[in-house]
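Engineer: Quick one: structure below, then a few questions.
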Amino acid sequence: MFARAAIPRQACFRNACHFTKRFASTKASSTPTQSRRVALPRFPQTLRETLQEVIPAKQEQLKKLKTEHGNAVVGDVKVDNIIGGMRGLKAMLWDASVLDPIEGIRFHGLSIPDCQKVLPPAPGGKEILPESMLWLLLTGQVPTPEQTLGLSRELAEKGELPKFLEDLVDSFPQTLHPMTQLSMAVAALNHDSSFQAAYEKGIKKTEYWTHTLEDCINLIARLPALAARIYRNVYKPDTPLPTINKDLDLVGNYSNLLGYGDNESLTEYLRLYIALHGDHEGGNASAHTAHLVGSTLADPYLAYSAALSALAGPLHGLANQEVLRWQMAMQKELGSDVSLDQIKEYLWKTLKSGQVVPGYGHGVLRNPDPRFIALQEFCETRPELRDSPIIKLVQQTFQVAPDVLKEHGKTKNPYPNVDAASGCVLYHYGLTEFKYYTVIFGVSRALGALTQLVWARALGLPLERPKSVSIDVLQQLVKQA
Ligand SMILES: CC(=O)SCCNC(=O)CCNC(=O)[C@H](O)C(C)(C)COP(=O)(O)OP(=O)(O)OC[C@H]1O[C@@H](n2cnc3c(N)ncnc32)[C@H](O)[C@@H]1OP(=O)(O)O
Ligand SMILES: O=C([O-])CC(=O)C(=O)O
């Protein structure tokens, strides 16, 4: 597959070089050691070589910040922050992405449209390859197509599941939610954790990140086979599962294992979906959970298993399943040809029954989620999606829901988040088992959450342990203030 070099990749390569140079020159000015290193670029550098090069500069930057400004005040804590789920509190370090309430997510400074321009797609494809997003998240640099290709191959080579895990997954009852299966199986993969084995032997702190990286790459590599096995067992028992094709990218293999390998549109959609859901700064529930659990030096498998449990909550990742369930119930009640007024009424009915409108609102965003916009734009590029009843319903809902939610007056953000759009394209292409949708999100979120684990170990970040207060203590603090 990768033998077919395509024109978009060459265009991308030019952009990639531009961005790599821009990033490299910024870093070159940080320390003399670093500038010596970037002056001698060796192409194609591997992911590990690139990380070895960028980590010392970041370590130095953080050390300097702590030494020179450790006592600087960058915000204050209100009673509302403590009671209100720490919303708005700047309280954790996360380098790979930053979320602006209006503009949305930026990955190492690159917006979604920037990423769509510069991150290498699959040969012959247009959408961002999750491997190139992973490279950007981990290193802060845009990979060349050759580097992306190398990473794809490494992931494919490491993609098969150990036999004990296949047996474990095959023993789960079909009725067990796919997310529970995923979380349990990911935890069990720590059987082969390089970090855990090395820690037991007794390694230096400076060596933590390399073993963590090995576990993270192995886990990301195995997620497609694991997630596809869960799908097969729950929805298509007795269907044979193909083996990993070493010439395919991560999502090419995932799509193939799911049984959709011949659907290029769905495969491209999955590439975009998985690249875009990869990271959403550090405070979201799944990423934060991985960070918290990882800060105990639990290995990446345990940390990510915990993150998946957080993702499985309906206010977080499970919302993409809930959106589909809610839109299908609307379609069942109102029929497929509905008016905007009918949708408004249905929205009010949902709100009056005390339920949330799934796919709307956000803990940080105060504008339509740019990931939602990017997925909508994907739909506009495919004629078959323009006429899809379920996609039309999502778009019609977007036309009226913000005003209804504004009038309802509770949510701080009446606009759609990514979950409002993500499931309907899967549904259109025949992947209709919506209880499975959050598993796809789980394959994706590993990119960002595991990146952070590598960096937390490289930077020597400590055990996370915030101070809690009781209601009485909080009242005393208010009096003293
Ligand atoms: C990938 C992701 O995780 S994106 C988020 C996916 N989740 C969803 O789509 C579920 C629906 N949305 C929600 O429940 C919320 O908007 C959340 C959980 C995403 C954010 O929660 P918060 O930051 O607490 O939102 P906010 O401060 O606006 O909440 C204020 C009130 O509005 C309500 N509200 C928020 N969003 C909605 C909504 N979509 N429908 C109805 N009510 C809502 C809250 O429940 C809360 O009510 P309360 O005062 O009775 O407790
Ligand atoms: O940022 C959040 O809190 C939720 C979200 O959109 C994500 O994790 O992708």
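We count from 1, first residue shown onward.
Using N, Cα and C of the backbone, Cβ positions are placed for all residues, glycine too.
Checked TrEMBL, it gives:
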ACT_SITE  His316  active site
ACT_SITE  His362  active site
ACT_SITE  Asp419  active site
Engineer: Of His316, His362, which of the active-site residues has the most Cβ neighbours inside 10 Å?
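Structural biologist: Sorting the candidates by Cβ neighbours within 10 Å, the top entry is His362.
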Engineer: How long is the line from the C-alpha of Asp419 (active site) to the C-alpha of His316 (active site), rounded to the nearest angstrom?
Structural biologist: 9
Engineer: Distance between His362 (active site) and His316 (active site) at the Cα atoms, whole Å?
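Structural biologist: Distance (Cα to Cα, whole Å): 9 Å.
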Engineer: Let me check the 10 A CB neighbour count of Asp419 (active site). How many other CB atoms are there?
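Structural biologist: Result for Asp419 (active site): 28 neighbouring Cβ atoms inside 10 Å.
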